[in-house]
Amino acid sequence: MEGAAGGEEKKNRMSSERRKEKSRDAARSRRSKESEVFYELAHQLPLPHNVSSHLDKASVMRLTISYLRVRKLLDAGDLDIEDDMKAQMNCFYLKALDGFVMVLTDDGDMIYISDNVNKYMGLTQFELTGHSVFDFTHPCDHEEMREMLTHRNGPIKKGKEQNTQRSFFLRMKCTLTSRGRTMNIKSATWKVLHCTGHIHVYDTNSNQPQCGYKKPPMTCLVLICEPIPHPSNIEIPLDSKTFLSRHSLDMKFSYCDERITELMGYEPEELLGRSIYEYYHALDSDHLTKTHHDMFTKGQVTTGQYRMLAKRGGYVWVETQATVIYNTKNSQPQCIVCVNYVVSGIIQHDLIFSLQQTECVLKPVESSDMKMTQLFTKVESEDTSCLFDKLKKEPDALTLLAPAAGDTIISLDFGSDDTETEDQQLEDVPLYNDVMFPSSDDKLTSINLAMSPLPASETPKPLRSNADPALNQEVALKLEPNAESLELSFTMPQIQDQPASPSDGSTRQSSPEPNSPSEYCFDVDSDMVNVFKLELVEKLFAEDTEAKNPFSTQDTDLDLEMLAPYIPMDDDFQLRSFDQLSPLESSSPNPPSVSTAFQQTQLQEPTITTTTTEELKTVTKDSTEDIKILITSPSSTHTPKETTTATTSSPYSGTQSRTASPNRAGQGVIEQTEKSHPRSPNVLSVTLSQRNTVPEEELNPKIIALQNAQRKRKMEHDGSLFQAAGIGTLLQQPDDRAPATSLSWKRVKGCKSSGQNGMEQKTIILIPSDLACRLLGQSMDGSGLPQLTSYDCEVNAPIQGSRNLLQGEELLRALDQVN
């Protein structure tokens with residue numbers, strides 16, 4: 001039993017092995033037959049033998065299907081029979097193209113691709129044929145690719161055909177390196193392809209339905225794919241019809257090749273900073289805008305042929321390859337480099353398309369008159385004979401130069417350097433040149449002439465040759481104390497030890513002297529000194545008649561006597577009277593003093609500044625020789641022991657009439673000290689002795705203009721006291737403990753003092769505004785001063801032949817006449 005069972009097992013084992021062996025042989029036979037079929041099929045494909053012999057089965061099937069589709073397309077189309085000449089030219093078509101040919105089905109399969117794809121993409125033809133295009137393109141381009149493959153078979157409007165043209169940019173895998181080597185497909189980079197073509201619809205010839213339905217027409221997309229070369233990898237040298245340009249990210253020129261001048265007429269310099277959109281034809285702007293959008297999205301574009309405007313009119317056809325250059329550090333876009341191919345000459349060169357093209361058209365043409373003007377405006381070191389020779393060559397220019405009948409010949413006045421210096425000084429006073437300084441403005445000049453105080457019948461007399469040109473001869477003669485010639489030499493006083501005259505030698509050696517004429521007036525800031533050029537004030541207040549550093553006397557175009565006094569319309573600045581001289585007896589032992597009026601009004605005022613009798617001895621000695629004007633300017637905390645007196649050689653001394661200057665009221669109560677000596681002049685007062693009355697019409701209008709200008713100028717300066725009472729002024733600056741307060745200009749009023757000897761004395765009181773009424777209300781030697789109103793001052797203006805203020809009924813009658 002056991003032996004029989006063992007024999008059966010062996011038989012079964014042998015039978016199973018035979019079946020397996022037969023199965024293996026059958027499978028091997030099938031594979032061999034299949035391989036023979038694929039081998040035969042591969043050799044049927046239009047591929048080289050070395051390629052087809054190495055294809056796997058899947059590749060053979062893929063390529064065969066693609067070939068069958070292509071054959072179907074070719075059979076569906078109306079193909080012409082090629083002759084021998086066309087057959088020979090077929091091999092040159094791909095060489096002429098800057099790309100490869102690709103045919104896609106409606107589902108995106110690449111049924112055909114030319115064999116030169118390896119040259120541009122690194123991938124071979126059989127590696128791509130039959131595959132889906134979506135396997136080798138950028139994922140961001142898939143949606144656009146599907147839109148390009150879609151063909152709408154819906155109803156079409158009458159008279160309008162469906163657009164089958166396609167042009168788009170596609171990023172595809174590339175296995176080529178910059179050196180031309182091939183890399184693995186996994187390390188491939190993206191390369192931008194400019195795909196242009198159309199959708200072709202193939203209708204089958206079999207009109208009979210198959211299997212009960214009719215097949216739809218087959219559509220395919222035929223494309224020519226042109227890769228855009230990188231500017232750094234351009235192998236072919238650029239010809240004369242090509243120029244390079246670089247642009248910023250907003251498409252403005254940052255560089256342009258010089259060859260654009262020969263092609264379009266533009267200079268590279270005039271394009272820098274200008275947008276490229278300014279030079280596009282209007283009909284191509286939409287297409288170029290979309291192209292630039294694709295450039296920033298995909299990195300490279302080719303614009304195709306578009307019209308670019310020439311400089312002098314017309315346009316040229318251009319095709320541009322633009323590439324975005326990225327920064328190697330941060331991979332950010334940096335600039336745009338364009339390779340521009342000009343494919344035509346200038347078309348319609350006489351047609352204007354933009355405003356830039358009108359610049360050359362509207363350029364003015366030079367005429368003979370312009371040439372003549374250039375001869376005069378051109379500055380050359382040539383003599384007049386050479387100029388005449390040039391004009392002689394232009395007959396029209398000579399006729400224009402010749403004067404016609406009735407023409408007014410104006411002689412040229414070539415001023416000296418002094419005139420230029422004077423004009424420069426006048427320009428330094430742009431604001432305050434209405435009264436005091438000659439105005440360079442014609443309007444101000446006309447106003448000043450209209451406001452002149454001189455009557456129309458009175459004409460200014462010529463000036464003396466040895467006098468100041470700014471002074472009128474008639475006024476200068478009145479200012480002369482003696483019959484000798486008036487020699488005025490305006491100098492800048494300097495500190496010196498020797499006296500200027502024998503009469504004041506004892507005092508000038510010990511008394512400090514101002515360093516500059518501006519210190520005679522008042523202390524101002526450096527900025528204000530620059531604004532107020534006090535040349536006239538320096539001349540009027542100059543002490544020394546000996547010329548040390550003489551100023552250059554310059555002729556002025558406008559005489560100051562033609563300038564009218566400034567007449568304000570408000571109550572802040574009112575007209576004041578001229579010096580109204582009253583008789584005063586020379587033998588009066590105790591002349592009236594104004595100090596009593598000031599001593600009674602000390603309410604919260606600074607301490608009184610006094611002057612001893614010894615300090616006024618020199619003043620008493622010279623009281624009968626000249627005007628004695630003592631001005632005190634409190635500036636510190638001590639009082640000097642000596643005063644400064646006037647020089648006897650002052651050109652303004654003598655019996656003359658003048659108008660007191662306005663005063664910068666100080667901070668302190670003024671005390672006039674004449675108690676020690678009966679004939680000494682009053683400190684801080686103006687004493688005009690031995691004077692003859694002169695009518696107001698003969699007063700110096702230049703001094704009037706100076707006074708009005710100073711009264712008009714509103715300045716606030718701490719610790720300054722400026723008192724001016726005419727010409728020939730002597731300054732004394734004792735220190736005062738008074739604090740600095742704000743000062744304001746006020747009216748100057750004259751008071752009549754009693755006398756016995758007929759001498760005329762005038763006291764000018766200059767006071768702060770807050771003490772005006774109280775000072776005027778004080779009594780002087782038992783008789784009170786009348787409190788005057790604004791009408792009083794207006795009515796009591798200087799009247800010819802009148803020396804007294806109106807009182808009582810006379811004042812009322814005068815007011816009635818005014819009203």
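Using the three backbone atoms N, Cα and C, a Cβ is placed for every residue, glycine included.
A quick note: this is a predicted structure, and the numbers were derived from the prediction, not measured.
These come from Swiss-Prot:
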- 7-31: compositional bias 'Basic and acidic residues' (COMPBIAS)
- 582-613: compositional bias 'Low complexity' (COMPBIAS)
- 614-628: compositional bias 'Basic and acidic residues' (COMPBIAS)
- 632-655: compositional bias 'Low complexity' (COMPBIAS)
- 86-159: domain 'PAS 1' (DOMAIN)
- Ser248: phosphoserine (MOD_RES)
- Pro403: 4-hydroxyproline (MOD_RES)
- Lys533: N6-acetyllysine (MOD_RES)
- Ser552: phosphoserine (MOD_RES)
- Thr556: phosphothreonine (MOD_RES)
- Pro565: 4-hydroxyproline (MOD_RES)
- Ser577: phosphoserine (MOD_RES)
- Ser650: phosphoserine (MOD_RES)
- Lys702: N6-acetyllysine (MOD_RES)
- Cys793: S-nitrosocysteine (MOD_RES)
- Asn796: (3S)-3-hydroxyasparagine (MOD_RES)
- 1-31: region 'Disordered' (REGION)
- 171-192: region 'Required for heterodimer formation with ARNT' (REGION)
- 495-521: region 'Disordered' (REGION)
- 581-685: region 'Disordered' (REGION)
- 711-717: motif 'Nuclear localization signal' (MOTIF)
The region 'Disordered' (1-31) - residue tally per DSSP class, helix then strand then coil: 30 helix, 0 strand, 1 coil
Long-range neighbours of the region 'Required for heterodimer formation with ARNT' (171-192), counting only residues six or more past its ends (CB under 8 A): 120-123, 136-138, 140-141, 225, 227-228, 233, 298-301
DSSP residue counts for the domain 'PAS 1' (86-159), split into helix, strand and coil: 34 helix, 13 strand, 27 coil
Structural state census, the region 'Required for heterodimer formation with ARNT' (171-192) (DSSP three-state): 3 helix, 10 strand, 9 coil
